[in-house]
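Taking it in order: structure first as structure tokens, then the write-up.
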Amino acid sequence: MSQRLQDIKNHISPDGVTKQNHLSILKEYKNPDDIVIVASNRSAITKGFKGGFNDLNTDYLLVSFLKKFIEVWPENLQKNLSLIEDITCGNVLNVGAGATEHRAAMLAAGFPYQTSFNAINRQCSSGLTAVNDIANKISSGQIDIGLALGIESMSKNYKNINPLGSISEELLTDKDAKKCLIPMGLTNELIAKNFNINREQQDSFATKSNEKAINAIKQNLFKDEILPILTPSGKIIDTDEGPRENVTVESLAKLNPAFIKDPKKNGTTTAGNSSQISDGVAGVLLARRSVAESLGLPIMARYLAFQVIGVPPEIMGVGPAFVIPKLLNKLQLSINDIDVFEINEAFAAQCLYCANKLKIDPEKINPRGGAIALGHPLGCTGARQVATLMRELQTGQIGIVSMCIGTGMGAAAAFLKE
């Protein structure tokens with residue numbers, strides 16, 4: 001017992017504790033107030049404008065997903081949804097982040113009106129920011145159980161608005177402010193140019209993303225991660241539509257640059273080495289450990305920490321390269337302590353830059369494919385990555401979810417599999 005107390009003391013005040021001991025204590029010491037994940041699932045990710053969800057509004061998609069998600073929860077939780085005290089849903093393209101229609105959707109799915117709802121938008125990190133929002137509420141004592149969601153219909157909303165937003169004429173004269181309007185593809189071209197990432201490297205990365213995703217589908221690795229969605233036409237959607245078989249570096253090399261049309265300027269960003277426009281939804285159910293245990297809820301993983309950081313808007317894709325070290329410093333961990341990285345593949349060049357900058361083992365990055373293959377439904381992606389990470393990690397392993405964020409930011413969160 002005295003040794004156990006000393007371990008706990010060292011965990012709280014780690015002065016003099018060796019790095020290895022710190023890592024062991026982090027993995028072994030469990031606190032009743034730990035924030036834990038008790039369920040995490042997603043829909044299939046479908047192609048924008050022509051896929052299985054292209055005609056669905058986000059409220060219908062969310063209701064359909066929530067009903068299926070609730071079905072995989074323990075029966076005592078299914079019968080008492082009022083235990084879910086708050087829901088936060090990340091969304092980018094709906095007006096007001098879908099605050100009205102998504103509150104309506106949660107009610108239609110069976111949640112009582114006493115369960116509160118929050119709509120949140122931090123662009124591509126919205127789904128992960130929703131997870132952090134619920135975790136913070138548990139940590140602060142506001143709630144004991146909460147649900148984080150991420151959803152997007154790019155089919156319905158991407159063409160109806162200016163996805164870059166707008167700023168006033170007065171701000172357009174500010175050299176830094178106006179950089180927030182640079183199209184994402186051009187920010188990636190700047191990364192490729194400034195950090196010497198050539199077309200072949202990008203196409204090779206994209207090819208591997210597709211290969212990993214196809215292999216995961218063939219091995220049924222997404223089977224318990226994806227919940228089937230029944231469309232109004234009666235079709236069941238339960239398989240990701242984005243991954244493409246027989247993609248090669250040679251086939252991708254035939255594609256024209258998507259953002260720099262002038263052949264003299266040697267654009268390298270194409271539809272083949274960029275994330276896909278997609279539709280999808282994902283959810284992460286979090287709880288205080290003591291409450292989860294008292295209710296007999298299964299514990300998948302422990303939520304460790306979240307960080308966000310700003311970077312220059314004109315190279316926004318470098319975000320993960322700067323936020324991941326900030327997160328690791330918070331946890332007193334190193335890159336080599338992390339077993340799996342789910343880094344959003346907004347573009348091949350930016351993801352390659354981050355991996356190279358941090359010296360991450362390529363085998364640890366997106367083992368089941370990333371957004372280049374699976375797709376990137378903006379508000380959904382962060383929550384989708386968590387659901388995928390939960391199946392990639394083995395007991396005792398630590399994983400990180402991270403992504404770049406439009407206008408120049410990066411976000412990251414760490415999880416320990418139990």
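Glycine residues also receive a Cβ, built from the backbone N, Cα and C atoms like all the rest.
For reference, TrEMBL has these:
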- 35-289: domain 'Thiolase N-terminal' (DOMAIN)
- Cys124: active site, acyl-thioester intermediate (ACT_SITE)
- 298-415: domain 'Thiolase C-terminal' (DOMAIN)
- His376: active site, proton acceptor (ACT_SITE)
- Cys404: active site, proton acceptor (ACT_SITE)
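Close to Cys404 (active site, proton acceptor) in the fold, though at least 6 residues off in sequence, lie Cys124, Val311, Met316, Gly317, Val318, Gly319, Pro320, Asn344, Ala346, Gln350, Cys354, Gly410, each with a CB less than 8 Å from its CB. Within the domain 'Thiolase C-terminal' (298-415), the DSSP-based counts of helix, strand and coil residues read 52 helix, 31 strand, 35 coil. Around His376 (active site, proton acceptor), the same-chain residues six or more apart in sequence whose CB sits under 8 Å from its CB are Cys124, Ser275, Gln276, Ile277, Ser278, Asn344, Glu345, Ala346, listed in sequence order.
Within 10 Å of the C-beta atom of the residue listed as 'active site, acyl-thioester intermediate' sit 30 other C-beta atoms, taking all shown protein chains into account.
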